[in-house]
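To keep things clear, I will list the structure first and then write my remarks on it.
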Amino acid sequence: MPSRQWLLAVNLGSVAMIGIGLLFVVVWMVDRRRWYALSFAGAVTGFTLAGLVLSIPLGTAAASSIHGVLFPIAVALLIDGVLRRRAQQFRWMTNAAFVVVLAVVVCYFAYPMPLLIARIVTQNVGMAVLVWTASWRLWRSGVTTTRDRVCLAAMCLLGAAVMANLVCAALSDVPRELLTDADLTAYLASALEYALIVATGLVLPGFVATMLAVTVVDVIEDLRAQRDRDELTGVLNRWGFNHRAERMSTSAGCALALIDLDRFKRINDLLGHAAGDAVLVMVARELSPGADESVVGRLGGEEFAVLLPGADLDRALVWAETTRRRIESLTITTGEHQVTVTASIGITASRGPGVVRLPDLLEMADKALYAAKAGGRNRVAAEVAGATH
């Protein structure tokens, strides 16, 4: 295959990225909050057009100048998408300055002082600075989920590929400019061109595909959270609690607590539902786990459930009494009113994994809760093997 045709084939391979760009648009249409998906789509479009323009017979200077504008725009959009996903971004002036500076320098080395290696180094240095700066910001903001770790690892790999381009640029003997077939043949045989092919043909598409996968998982996790979470309090709803607690209760011994707010209806009737909602939110915060692995859910109305993995009955009773006192000490201010609330808590425990199924634990805890209510409210009761304490 003649060298020019081979170069055209390599550049046309980037057209496959258009499909990924369209998928980003589809993701945004599914969840309009994912504006960063449009940044990724714009980046894919920019990279594709920048690759194609080098294959069009426009003349070296003209093609390089157009590429010099499209490439930094695509890089800026790519990094913008990565940062926006984590609710961060560079200021628009920073992105604008990045694009303008790179475009001006590349155009200078295309027209007044044609120099191929200078154009390549300029673009790769600019991309390296933006990629590594964004990577540092991601790392500094905290990498808490597998998706975040994958994203940061992909950024580091992309940054390493760009740095490899710069190393190859320093070590390769390339023509001053692509003016003849001999110049093009010499350039295509250089280590720099092979490094660029790896970066633009493998690493960059792989990075974009990784960001697509991360974005899709983001959407799925949000949908799962909406399915599993109580909208008001942020803790698990009944379905989410049962699903997670069932899995955890079968893998280890555990204790289960049912918490019911005493005379909660009176708060709604006297002060309104806004006051009642404020009480529920405050109580949910008190129940939400810190460093432990407890599972908290709102089963409905004013009733909450907490699964304590690995806890026996004695430990659960200590936890329940401490929790009851914390709830009792809460003072919630709503408008001109200050609201206090108490809770009755029913406790039960399973001695080992799979010894008692979750429905049976819930039934025993409910019996204990009923006993706490019958005993005067604002107290803790326990149910073990049919005996209430």
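All positions are counted from 1 along the displayed chain.
Every residue gets a Cβ built from N, Cα and C, even glycine.
Summarising the annotation, TrEMBL assigns transmembrane segment to 6-28 (among others).
According to TrEMBL, the feature transmembrane segment maps to 35-56 (among others).
Annotation source TrEMBL lists transmembrane segment at 62-83 (among others). Panel annotation: around the transmembrane segment (62-83), residues 36-37, 39-40, 42-47, 49-50, 53-54, 56, 89-90, 95, 98-99, 102-103, 105-107, 109-111, 119, 123, 126-127, 130-131, 134, 137-138, 151, 155, 208, 211 of the same chain, lying at least six beyond its termini, place a Cβ under 8 Å from a Cβ of the stretch.
The feature transmembrane segment is assigned by TrEMBL to 90-111 (among others).
Annotated transmembrane segment per TrEMBL: 117-139 (among others), in sequence order.
Marked as transmembrane segment by TrEMBL: 151-174 (among others). Residues 82, 85, 116-117, 120-121, 124-125, 127-128, 131-132, 134-135, 138-139, 143, 186-187, 190-196, 198-199, 203-204, 206-207, 210-211, 214 of the same chain, all 6+ positions outside the transmembrane segment (151-174), place their C-beta atoms under 8 angstroms from a C-beta of that stretch.
Per TrEMBL, the feature transmembrane segment maps to 194-220 (among others). Among residues of the same chain six or more beyond the transmembrane segment (194-220), those with a C-beta under 8 A of the stretch's C-beta atoms are 10, 13-14, 16-17, 20, 23-24, 27, 30-31, 34, 36-37, 40, 43-44, 47, 51, 78, 81-82, 85, 120, 147, 150-151, 154-155, 157-158, 161-162, 164-165, 167-168.
Counting residue by residue with DSSP, the domain 'GGDEF' (252-385) contains 56 helix, 40 strand, 38 coil. Look at TrEMBL and you will find 252-385 tagged as domain 'GGDEF'.
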